[in-house]
Structure formats: C-alpha cells, structure tokens
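A.B. asks: Per Swiss-Prot, the feature phosphoserine maps to Ser23, Ser38, Ser44. The compositional bias 'Basic and acidic residues' annotation in Swiss-Prot covers 34-43. As annotated by Swiss-Prot, transmembrane segment applies to 61-81, 117-137, 144-164, 175-195, 202-222, 237-257, 341-357, 364-381, 389-409, 432-452, 470-490, 492-512, with the evidence given as sequence analysis. Annotation comment: Swiss-Prot describes 82-116, 165-174, 223-236, 358-363, 410-431 as topological domain 'Extracellular'.
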Amino acid sequence: MNSTPDLISPQKSNSSNSYELESGRSKAMNTPEGKNESFHDNLSESQVQPAVAPPNTGKGVYVTVSICCVMVAFGGFIFGWDTGTISGFVAQTDFLRRFGMKHHDGSHYLSKVRTGLIVSIFNIGCAIGGIVLAKLGDMYGRRIGLIVVVVIYTIGIIIQIASINKWYQYFIGRIISGLGVGGITVLSPMLISEVAPSEMRGTLVSCYQVMITLGIFLGYCTNFGTKNYSNSVQWRVPLGLCFAWALFMIGGMMFVPESPRYLVEAGRIDEARASLAKVNKCPPDHPYIQYELETIEASVEEMRAAGTASWGELFTGKPAMFQRTMMGIMIQSLQQLTGDNYFFYYGTIVFQAVGLSDSFETSIVFGVVNFFSTCCSLYTVDRFGRRNCLMWGAVGMVCCYVVYASVGVTRLWPNGQDQPSSKGAGNCMIVFACFYIFCFATTWAPIAYVVISECFPLRVKSKCMSIASAANWIWGFLISFFTPFITGAINFYYGYVFMGCMVFAYFYVFFFVPETKGLSLEEVNDMYAEGVLPWKSASWVPVSKRGADYNADDLMHDDQPFYKSLFSRK
C-alpha cells in the first residue's frame, strides 16, 4: 500500500506538517455569542481539502469494527432482557402470590396501580440515569462510564432478586436497575457512533436495537421455560441470568477501543491515534489516520474555544441547536408513541383478552418477528436512509393500527365482552400486530437511536442525548403506567390513539429531520450550519466532495409547494 493515497496530495500548513483541514467548518458552532456566520462566507477554494480515502484493507476492517460495536451494543441486550421478562413476571403465579393482593376466593392478583408502578417505574429510573450517569462518559470516558452504569444495574438486580414478599423492595430495585440502563442507553449508541466509520455508522448503531430485540426474545423464551414451576424459580432464574449479562458486558469493555473523540478532548492524542488505527486496522502513521485525527482535533478546538457548554446552549447555541435538540426529543418521544411497549410490556395480558390459551407462546412469536425484523434494519438504515425509513415506517404502522384496532373494536366480541371472543378476529389481530412489529423494528426502533447519535456536536452531545433519551423514558413511563387503565376504559380503541401519533410522526420527519446517511459527525454539523432544508438534505454534498456545478443555495430555499415533494423518496 502506498503511504500517500492517490486521491490527494497533502498540503502543509505554515506552522506544522499537518494536513490542511476544512477550515471553513462553522466558526459559530455553539458559540455563546450566538453569531451564526454564513458557512459559505468562511470558505475559499484554497481552504477546501479533499477527504482522504480510507485504507483499502478489505473486509477485515469491517469485521474488526463490527465486533467492537457488537460488544458495546450488548448494553441493548440488558435493556431488552428486562422488557421481555417483566411482561411475563406480572402474569406468573408465584410473583402474584408474593407481590400481589388476594381476591375473596383466595386467588392473587396485581392491581392496575401496582402493575403500572412495578412495570413503569423502571422508565423513571432510566430517565434519571440517562441525564445524571451519562456524564460519566464525559468525565472518565465512554468505556469506563459503561462499566460503572452496568455495576449500578447489577445492584438493582440484587435488590430485586432478594425480595421475598415486599413489593416495594422489588419496586426500589427496579428504580436502581433503571438508573444503570438509562446510562447504558446514552453511552452505548454514543460510543458506537464515535468509533464506527461514517459509511457503516447507521448499521452499527442499529446493532444496539438488534441486541434489544434479542434480549426481548430470549426473555420471552425464559419466561416460557419457567412458567410451569410453582415457586420463585419462575422469576428469580430470569433475574439471576442478569448477572451473566452484566459480567459479559464488563468483560467486553476491556477489548473495545475508547472513543477517539473523547480521547482528543481529554488531550490523549497518542491514544486517540491508536484507537483510530485499531478500528481501521491500519498503522497509526497512515495518512487516513492522520486526516481523521486532525479533523477531530479541529472540531474539538473549535468547541473548546467556545467554552464549557451550558444546558441553556442546547436551545440557544449555533448552528441550529434549538432545532436539533427539539428534534432529538421529538424523535425519541415519537418512538415511544408508536405504541411498541403496549405490545412488549403487556403482550401476555393483551392476548389473554383475545382468548388465547397460552399467551406466553404468542409473546415468543412476537419476539421472533421483532428480532428478525430488526436484523433487516441493518440493511435498510444505510441503504434507504434515515428519513425514508422513518416516514414509510410510520405509514406502515398506521395501516396496521387501522386493521388491528378496527377488528378489536368491531369483531373480537360479536356477542359482547362477557361472551367468548371470535378466534378468527383474534388471529387477525395477532397477524397485524406482527406486521406492526415488522414495520416498527425495521424503522423507528433502531433509527431513533441512530438519529440522536449523529445529529449533535461533540461539545453538547452527552447533554443532548441525555435529554432526548429522558423524553423517551418519560413517555415510556406514562404509556406503561396508564395502559392498564386506558385499555380497561376504551380497550382496543387505544390503537387509534397510536395511529394518530404515527400520522403526526410522518409529517414531523418530513419537515424537521434531515438525511444524515453517509456523513461524518463533523459533516452533519456542517450541513446544519448551511441551513439546508430537511426535505432537500438527501442532496447535500460535503464541501470536500463538491463539484464545480454544485449549487448549495438551492438546498436552502424551496420555491415549489411542499406538497409536491411530500411523498418523494428524498
């Protein structure tokens, strides 16, 4: 391999032997003064340096990166395991006997309030952990931060598994384990996005969601395997396996390279160079490593010159920080408002209502569909782009909810709810619930994490991802807590509520979510600095790759009515 790539000739600066970088990056990025100079005004032809080609080392590079990112993404498995197991716990006899209340006939049950609290309080812990504990990633590094939050998660599991008959002890354990998972949901996608190459970033961040679905599926299977026991094996064995997952996660962190962006920010340049070299499987002195390192250094220096980011700058900073922060909050909120947890948290109970003799088996079917559908997203997210997947995923879920809710309302109980349900209607609802899961798992499930991991500059990234994730968890709490009450009052009309949310989601994505497929994290920031319209963002080209006929101004204005491009593929 030649030491200098064919694509460029390195230009020396007057002060050092470094490569000339794209010095026209937004000078106003997150500046406290709020000055947002035109991106084009800061560029001259001599300042634009073509991007250096990555080392041509074959598929081995992708294997190395993929293994590292899968280890980090295993944090999603921990989250998914909780989702898959708690849905079965609330229907298991020993769990009901220990933590529930007694009917007059001697049978045990969980009240709607207690069920909602036990299931949903986990989300409140996650919201707090995402905001408070994610800061560990900035203080000590993403890897160390992940190890610490996994330890906190384990403490919560110990409290839960030690519970004998006090539901509030189990409740407290759920809060503490939620703190750990909240930190994981911020730090895992963050580390993956900062390690992965731009051309594979969407796919590799989506591995986090694949791990969530694998955890949900195996959690369902474990519940199915323990449900016939009559003692605490029903729920303590699934909880006990959490220790194995925590140890695997901690062990994996020993082999994962630290985020080069964090290392540069911490002044550990040699370690950052080694991290980039390990991920790209090439020598530390390779020109591509030098180019990537100096690009990151330039970005970090601009952020450092602007000073420490305050929480207020998430909404007042430049470029377009208010728009970006609100987009992160909305995307994460809308991911919950798809209604996925309606099925995953309460799937066992919901399908008891449609007359199934073994609703645990139905949950396993859901888990299989969810897992393999999410695997499909590894192809779709970087093939079709973020915007297309989000919009057409919303359309697919709307169609599924129309059928699911309509059949549930009009055909499930033809002779009244006090009479046997229609088996045909119940089967139809299960089929369209599976179609819904396919639409969700291939689009909104992974891409919500991809979007928030890509769209924030490093200086405020942990804060932005924390507040966006907190919005997700808060909505998760509200949906999880109130679902038993809402379904008790309106039953399957609930599906129409989620359908309306997905109609709104389609239009929100069209107007406010830009396309970031194939862009580096620094290039995403440049795109925001230029003020590109989201529905034209798929045509945006980074400065270093533009031809002479490229018209950047055309992407900032739209002279035709928006409805003409509303259903376009861009």
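The backbone N, Cα and C atoms fix where each Cβ goes, and this holds for glycine too.
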A.B. asks: Using DSSP, what's the helix, strand and coil tally for the topological domain 'Extracellular' (165-174)?
C.D. replies: 8 helix, 0 strand, 2 coil
A.B. asks: Going along the chain, which residues at least six beyond the ends of the transmembrane segment (175-195) come within the CB cut-off of under 8 Å?
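C.D. replies: Non-local partners: 65, 68-69, 72-73, 75-76, 78-79, 82, 121-134, 136-137, 142-143, 145-146, 148-157, 159-160, 201, 204-205, 207-208, 256-257, 259-262, 275, 279, 449-450, 452-454, 461-462, 465-466, 469-470, 472-473, 521.
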A.B. asks: Could you count the residues of the topological domain 'Extracellular' (410-431) that DSSP puts in helix, in strand and in coil?
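C.D. replies: Per-class counts: 10 helix, 0 strand, 12 coil.
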A.B. asks: Which residues, given as numbers and ranges, are at least 6 beyond the ends of the transmembrane segment (492-512) yet have a Cβ under 8 Å from it?
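C.D. replies: Residues 323, 326-327, 330, 334, 337-339, 342, 387, 390-391, 394-395, 397-398, 401-402, 404-405, 407-409, 412, 429, 444, 483, 486, 534-535, 562, 566 contact the transmembrane segment (492-512) from elsewhere in the chain.
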A.B. asks: I'm checking region-level scores; what's the whole-number mean pLDDT for the topological domain 'Extracellular' (223-236)?
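C.D. replies: Looking only at the topological domain 'Extracellular' (223-236), pLDDT averages out to 89.
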A.B. asks: Which residues of the chain, 6 or more past the ends of the topological domain 'Extracellular' (82-116), have a CB below 8 A from one of its CBs?
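C.D. replies: Same-chain contacts beyond the ends: 122, 163-167, 170, 177, 181, 212, 215-220, 222-224, 226-227, 229-235, 238-239, 341, 344-349, 352, 359-360, 363, 367, 480-485, 488.
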A.B. asks: Mind checking which residues reach the topological domain 'Extracellular' (165-174)? Cβ under 8 Å, same chain, six or more beyond either end.
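C.D. replies: That would be 98-100, 114, 117-118, 121-122, 125, 156-159.
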A.B. asks: Could you give the residue numbers and ranges of same-chain residues that sit at least 6 residues beyond the transmembrane segment (389-409) on either side and whose C-beta is under 8 angstroms from one of its C-beta atoms?
C.D. replies: 331, 338-339, 354, 377, 380-381, 425, 428-429, 432-433, 435-436, 438-440, 442-444, 447, 451, 491-496, 498-499, 502-503, 505-506, 509-510, 513
